[in-house]
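K.L.:
Take a look at this one; I'll ask things after.
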């Protein structure tokens with residue numbers, strides 16, 4: 001039997017965040033941060049709305065989770081993010097010492113594994129969860145912009 | 001004759017920001033963002049005070065400058081920062097397409113040139129402005145913590 005609280009379950013929640021970004025005309029990337037199977041932060045890309053390049057889903061989610069926990073280290077947390085983090089967001093996750101980074105779609109052009117940057121040595125990295133759904137929402141955005 | 005508005009002049013302003021961080025018990029890093037010889041954003045590291053790993057001086061300065069300019073691209077701006085940016089901050093500067101990044105001290109351990117990450121290809125990078133003063137304030141902090 002599948003656990004209710006699987007990686008797919010939480011990635012689905014991150015996808016709901018990405019849909020909110022899409023509805024606002026933003027590049028649709030969403031993230032949730034989870035500790036003990038509880039979502040403590042949700043966020044989606046708001047760079048256009050806020051006119052701020054730092055307003056990626058991950059950065060907002062890290063700030064919100066730290067606020068919730070009352071501490072800057074996310075050592076027992078998992079972030080689910082629909083697209084591979086860029087080097088800015090990987091850098092923020094590095095400093096947070098987050099336990100797990102779980103991504104949907106890979107970003108061979110702008111992802112941290114291409115551009116550079118690292119996660120904390122203790123951080124576990126898992127890719128490809130609901131990859132097709134995470135890619136589809138991105139493709140639908142970029143197709144609509146052409 | 002030296003121009004009043006030299007790189008050293010603005011780095012001195014960034015150092016004043018670093019001193020504010022030091023006074024709060026933060027790792028003393030300061031930044032200012034300048035356009036047309038006018039400072040439009042000032043910030044210092046607040047990661048301990050805010051308990052938020054994303055609260056580096058550069059991230060706050062980018063957000064403040066974007067707010068001031070009403071746009072997310074800082075293509076005519078220069079950031080003066082007392083310490084070499086980490087990969088998170090270099091990533092944010094990459095997205096901002098900032099014209100110039102001017103640093104004081106280098107960070108061979110955690111700087112983006114070591115850890116990874118890139119600036120925008122159009123961004124000019126200058127290092128070593130008031131390097132000794134920028135290193136001294138960092139050393140005084142770390143010595144006091146031993």
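If you go along the chain as it appears here, the first residue is 1 and each next one adds 1.
Positions of Cβ are set from backbone N, Cα and C atoms, glycine also.
Keep in mind that TrEMBL annotations are predicted by a computer and have not been checked by a curator.
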K.L.:
B:86, B:89 bind Zn(2+) according to TrEMBL; which of B:56, B:120 goes with them?
P.N.:
B:56
K.L.:
Express the distance between the Cα positions of residue B:89 (Zn(2+) binding site) and residue B:58 (active site, proton donor) as a whole number of Å.
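P.N.:
It is 6 Å, counting Cα to Cα.
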K.L.:
Based on DSSP, name the secondary structure state of residue B:56 (Zn(2+) binding site): helix, strand or coil.
P.N.:
coil
K.L.:
Give me the non-local Cβ neighbours of residue B:86 (Zn(2+) binding site): same chain, 6+ apart in sequence, Cβ-Cβ under 8 Å, ordered along the sequence.
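P.N.:
Counting only residues 6 or more apart in sequence, the Cβ neighbours of residue B:86 (Zn(2+) binding site) under 8 Å are B:56, B:107, B:110, B:111, B:112, B:115, B:117.
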K.L.:
Using Cβ atoms only, which residues of the same chain lie under 8 Å from residue B:58 (active site, proton donor) while being at least 6 residues apart in sequence?
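P.N.:
B:31, B:43, B:79, B:81, B:85, B:89, B:92, B:93 - these are the non-local Cβ neighbours of residue B:58 (active site, proton donor), listed in sequence order.
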